[in-house]
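Taken from TrEMBL as is:
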| type | residues | note |
| --- | --- | --- |
| DOMAIN | 23-147 | domain 'VOC' |
| BINDING | GLU77, HIS95, GLU143 | Zn(2+) binding site |
| ACT_SITE | GLU143 | active site, proton donor/acceptor |
| DOMAIN | 153-281 | domain 'VOC' |
Amino acid sequence: MAQGSAAVPSTELLEWPKKDNRRLLHAVYRVGDLDRTIKFYTECFGMKLLRKRDIPEEKYSNAFLGFGPEESHFVMELTYNYGVTSYDIGTGFGHFAIATADVYKMVEDIRAKGGNITREPGPVKGGSTVIAFVKDPDGYVFELIQRDSILDPLCQVMLRVGDLDRAVKFYEKALGMKLVKKVDRREYKYSIAMMGYAEEHETTVLELTYNYGVTEYTKGNAYAQVAISTDDVYKSGEVVEHVIQELGGQITRKPGPIPGLNTKITSFLDPDGWKTVLVDNEDFLKELGN
């Protein structure tokens with residue numbers, strides 16, 4: 001068969017991600033002591049424990065925490081694998097971010113509870129936004145960002161990439177995200193792109209960071225993936241396959257129901273190896289009991 005004879009996707013199919021009903025649902029990552037992390041997030045960050053489940057036959061437990069119900073808020077899905085007390089975060093994962101009305105007060109509250117402040121509160125270099133950084137008990141970094149208006153405090157997931165333009169194209173084409181902000185900080189030798197489904201202050205965004213000259217990072221085994229909602233995992237999966245052929249990446253799970261749970265998902269790696277899971281909207285709401 002001649003090269004280039006593969007079926008060309010329709011314009012309607014390629015436009016699907018932009019028309020789909022999508023939002024970032026949760027980030028999934030592993031922790032060494034579930035109760036310790038729940039205590040830290042609820043007491044230091046003010047999150048709520050939304051649900052918790054133990055799956056002894058699979059030897060793991062998980063907990064969902066956030067600042068509001070999963071139907072409308074981005075949340076954290078923590079996974080504890082029986083007997084595993086520590087993980088390697090790697091060099092690629094950057095941080096999560098929490099927006100708050102008063103970073104100084106939040107830092108003092110966290111410090112009083114024994115939290116690890118890694119960057120004291122103050123204006124960001126070259127700007128006026130007040131930020132701070134803290135580490136949770138497993139070593140995950142959280143940026144605290146001062147904002148006057150806050151819709152969902154869990155506002156960012158920062159991941160490092162080896163080619164920013166390629167990453168932006170991938171998330172635009174494969175996931176229908178918008179480039180909501182791009183900043184090049186030549187004096188500090190890095191660039192960032194904020195990708196999301198609404199403006200930066202209205203939603204949770206992926207902050208993709210490119211450090212000049214660095215094309216690869218270690219992934220470790222701690223951070224797992226983000227989950228995003230879709231009205232059709234099959235159509236969404238078809239789009240992702242076409243984009244992977246163009247820009248790179250890998251399908252890690254074909255579209256279909258999870259055995260025993262029946263929630264339809266598909267999963268894949270972007271060109272930098274970061275994993276995304278697309279989850280059927282109706283099935284997700286059924287999982288929550290709606």
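Every residue, even glycine, has its Cβ placed from backbone N, Cα and C.
Because the structure is a prediction, the values reported are computed rather than measured.
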Close in space, distant in sequence - GLU143 (Zn(2+) binding site), Cβ under 8 Å, 6 or more apart: HIS95, PHE96, ALA97, ILE98, ILE131, ALA132, PHE133, GLN156, MET158
Mean of pLDDT values spanning the domain 'VOC' (23-147): 96
Nonlocal residues around GLU77 (Zn(2+) binding site), in sequence order (Cβ under 8 Å, 6 or more apart): HIS26, ALA27, VAL28, TYR29, ASN62, ALA63, PHE64, ALA227
Secondary structure content of the domain 'VOC' (153-281), with strand meaning DSSP E or B: 31 helix, 57 strand, 41 coil
Within the domain 'VOC' (23-147), residues counted as helix, strand or coil by DSSP: 25 helix, 57 strand, 43 coil
